[in-house]
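If you check TrEMBL, you get these features:
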- 80-173: domain 'SLC41A/MgtE integral membrane' (DOMAIN)
- 244-387: domain 'SLC41A/MgtE integral membrane' (DOMAIN)
- 121-146: transmembrane segment (TRANSMEM)
- 152-171: transmembrane segment (TRANSMEM)
- 178-197: transmembrane segment (TRANSMEM)
- 209-228: transmembrane segment (TRANSMEM)
- 240-259: transmembrane segment (TRANSMEM)
- 302-321: transmembrane segment (TRANSMEM)
- 333-350: transmembrane segment (TRANSMEM)
- 370-395: transmembrane segment (TRANSMEM)
Amino acid sequence: MVVTQLNLEFRFQGKKLRGFSCELTRSPYGILPETAFTVTCQIMVPLLLSGLGMMTAGLVMDTIQHWPVFVEVKDLLTLVPPLVGLKGNLEMTLASRLSTAANTGQIDDPRDQHRVISSNLALIQVQATIMGLLAAMAALLLGAVSRGELDFAKMELLCASSVITAFLAAFALDTRYLTLLVCFGFMALTPVWVLIAKQNPPTMKILKSGWFPFILAMMISSFGGLILNKTISKEQYKGMAVFTPIICGVGGNLVAIQTSRISTYLHMWSTPGVLPLWMKKFWPNPCSTFCTSEINSMSARVLLFLVIPGHLIFFVIIYMVEGHSVPNSKTFVVFYLLAGLIQVTILLYLAEVMARLMWHQALDPDNHCIPYLTGLGDLLGTGLLALCFLISWLLRSKAELDGISEPVSGPF
């Protein structure tokens, strides 16, 4: 943020009538234009670190999918994408709100910093508790639809695992009253978080009316979880558990970065409900999203160019750690990278469209765009990944029937 001091005065026939000074908060885009190199440097390290975390989560999930609790309660696997997406949604919307607040000078005062940050942290505690329980109910309903029956015996376990962790829920699998106590314990803390969140009026507004994006995003992610549940145990999808958190997480992180940048840009240069003149079109030409000199177009190109190198780095590390449990043919690698590229391209374009639509409706893109986009990213990522495994398996089967074997010594 750059603050410019202006001294203005009005004169009539050479006589000074009135003078005053004011401060203008200018976007850094207007004073020190960002370059593709600076944006890449800012994004690269966080993206790699988050990717390592997602890669570790995938390796862990590949191991625990064979645990008795996950074999017995298949709906726990359905919970994975919506819970991972929920955690990402809450944290990324929080980071995006704080980023916008910092860039627009809302937390320059130390007293405002404490109030805004504490109320936002309390807000995500309330959202996490409520949405965790709703995610469990969604997993139960999707499981009931796919199986044709509703298993009430596993309801406490799913609720507990949504609020805490699958590990603790597995520990409490045979302790009926402990799972109920865990759920009620976390729910009992909700009024405390609400009282803290009330310190900041904008946060309270989100608490009252900002639930729909998270609920819809959770439902979208749950369909991705259903795909994972139906494919993870089949031989042709071996390795699906490892790559699911990575492809979903990378797409979600990149589109959240772009959405946050667009939102900050709109807060800087316009007012809610009024789009800047150069952003009047609700459905911009895809070329204008990726191929112009405009700052948001430049950042979209940078994010898109990071997809293939990032996925290649994660793939090589996974292959070195778990080579026996993941596909290592060149065909799969090509389709996997193509899937990641398609996913992020769609998400970045939709980020531009949704940010404009939400801003035109006087809604903050920080709160109303990121959940939808990350939920859609989970569904796209899981669906495209399953398609990669299926196509790779079909091509491999056809090659074996034709007596052709593809080299599998490594991914390159």
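Just so it is clear, glycine is given a Cβ too, placed from its N, Cα and C backbone atoms.
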Considering only Cβ pairs under 8 Å, which range in 209-228, 240-259, 333-350 makes the most contacts with the transmembrane segment (370-395)? 209-228
Segment-segment contact (the transmembrane segment (333-350); the transmembrane segment (209-228)) at 3 or more Cβ pairs under 8 Å: no
Close approaches to the transmembrane segment (209-228) from elsewhere in its chain (Cβ under 8 angstroms; 6 or more beyond its ends): 77-82, 84-86, 89-90, 127, 130-131, 134-135, 138-139, 142, 146, 240-241, 244, 248, 367-372, 374-376, 378-379, 381-383, 386
Residue counts in helix (H, G, I), strand (E, B) and coil for the domain 'SLC41A/MgtE integral membrane' (244-387), per DSSP? 117 helix, 0 strand, 27 coil
